[in-house]
Amino acid sequence: MLHVEMLTLLFLVLWMCVFSQDPGSKVVADRYAVYWNSSNPRFQRGDYHIDVCINDYLDVFCPHYEDSVPEDKTERYVLYMVNFDGYSACDHTSKGFKRWECNRPHSPNGPLKFSEKFQLFTPFSLGFEFRPGREYFYISSAIPDNGRRSCLKLKVFVRPTNSCMKTIGVRDRVFDVNDKVENSLEPADDTVHESAEPSRGENAAQTPRIPSRLLAILLFLLAMLLTL
């Protein structure tokens, strides 16, 4: 009888772990490929803008060249996440932090790729957490800074959860953002410009920690059951 009660309790805890996740989050993850180089026409127009949903990915591909291309003809960048003012002025020095560094233009394994997951919560103390309905901004500076004022910048809008369709199944869909529908740079009236600051443990909201705690309780109860 005790075993039946324990198994029932374990089932209830497991059910809560599964269904206490954000109901608006997507199951299918879209991946958006961005080729970060000055020859990309979207950067040349200055209106590079993509819309994503929570749990989507941004894949940034760095410039890459054949070995025959001399070093002084290659492009190298440091990419920063900045606030709206930094994006508008293309200035990372006031409110911004380094995200990635494209510093291997002759990488033997192909172009460097960096990925950003637009997640509500991160297990890393210096990770970045994203919120639906807000905008986020990326810019780059050239390495070395030789006086060129060309500014490569990207605006990302995280769509509200009610506009992200929930689907069944787990798979990745990959998009080159050039194939996506053109998006207006005009934000919605309720759009919030997010500050470019990584989240820290004490500042993170506590709601998503509940599934982790429940999972810990589940494992503890399972261990107790096995000792009976």
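Yeah, the Cβs are placed from backbone N, Cα and C, and that goes for glycine too.
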Disulphide partner cysteine [Swiss-Prot] for C90, chosen from C17, C151, C164: C151
Residue distribution over DSSP helix, strand and coil in the domain 'Ephrin RBD' (29-162): 16 helix, 49 strand, 69 coil
